[in-house]
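What follows is a set of notes on a single structure, which appears directly below.
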């Protein structure tokens with residue numbers, strides 16, 4: 001007869017214990033974090049998918065996505081360089097976000113597109129004897145570049161919407177991701193703004209039609225910023241930070257690496273002015289420029305500052321100096337890193353950066369001496385982004401551990 005009261009007493013104790021446990025759970029940091037994100041509990045059980053909580057696994061997913069996006073941006077930069085080298089960038093004289101996604105198919109559509117192109121300076125001055133078949137080649141080059149740009153936009157925006165809804169982004173991550181998506185849209189608008197500069201009639205100039213070197217540099221620079229930002233965020237999410245003991249040498253190495261990375265970026269950006277002014281064709285000798293170390297027409301324009309951005313001789317000279325400076329800085333970084341005890345991954349990153357720097361210099365000199373062949377010039381342009389990639393990797397490996 002005593003069994004039934006004992007059972008009732010046991011059940012009562014269990015209910016009280018469960019109630020206390022539930023109250024404790026509701027006071028945990030996880031519960032507070034869920035409440036801040038607008039989540040609720042139902043029936044004493046958290047109605048939250050674990051996948052919606054930012055953790056190491058979700059960070060790896062986001063890291064791979066951002067590295068993949070940076071790879072697409074890299075493809076856009078390379079394809080844009082080839083488009084510039086083949087002088088295809090002015091073949092599409094209209095810009096429509098959706099309409100131009102479908103290229104001409106019938107002969108009548110091609111003739112209509114060709115007739116539009118004939119109304120602009122590039123055809124009138126340079127390509128007045130161009131055939132329809134030749135036009136199709138440059139058209140497809142520019143069309144492919146624009147379609148690749150749209151692919152980049154989708155690769156950023158659509159996953160952002162998905163990951164946002166699933167709660168993958170931390171509070172600090174959200175504005176950065178929105179910034180990347182906004183930058184992609186800005187990059188597309190800037191590309192069309194650049195193309196428009198090459199379609200304008202310039203009655204005061206008898207020079208060959210080309211896009212503004214300023215707008216070209218802005219377009220390339222924004223693409224490189226997007227690439228570096230995406231790659232940096234992706235690598236820092238994917239790769240665990242190296243726990244390197246702080247020391248004076250390590251602090252100096254970090255600063256040295258940041259300066260070197262900035263110099264590599266500036267060298268790559270100066271290449272846009274070289275491409276925009278065809279400055280690679282003015283002095284095809286090395287190490288001297290013609291018969292002199294410093295050419296006579298280095299400051300031919302007035303005011304003097306104008307030479308830095310508009311004089312092909314000065315632009316090539318500056319690019320040479322920046323390239324040699326980058327190589328020197330990277331060599332110094334490699335030698336200095338041997339005095340610091342670094343993890344294996346960081347040593348590999350610095351070694352790859354150094355090897356790529358010497359390869360890039362050889363490519364640049366070869367491109368110059370051979371009068372800028374398209375294939376070699378495209379490889380040199382791609383090498384600049386590869387060099388920038390290794391510089392970002394080095395910075396990611398040397399970053400401070402968050403305490």
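Residue positions begin at 1 at the first shown residue.
Cβ atoms are placed via backbone N, Cα and C, with glycine included.
Under the heading transmembrane segment, TrEMBL lists 65-85, 147-165, 177-195, 215-239, 259-283, 319-336, 348-372, 378-396.
Counted over residue pairs 6 or more apart, the CB atoms of the transmembrane segment (147-165) and the transmembrane segment (65-85) come under 8 Å in at least three pairs, which marks the two as touching.
Highest Cβ contact count with the transmembrane segment (259-283) among the listed stretches 65-85, 215-239, 319-336, 378-396 falls to 319-336 (criterion: pairs under 8 Å).
Comparison of 215-239, 319-336, 378-396 by number of C-beta pairs under 8 angstroms to the transmembrane segment (65-85) places 215-239 first.
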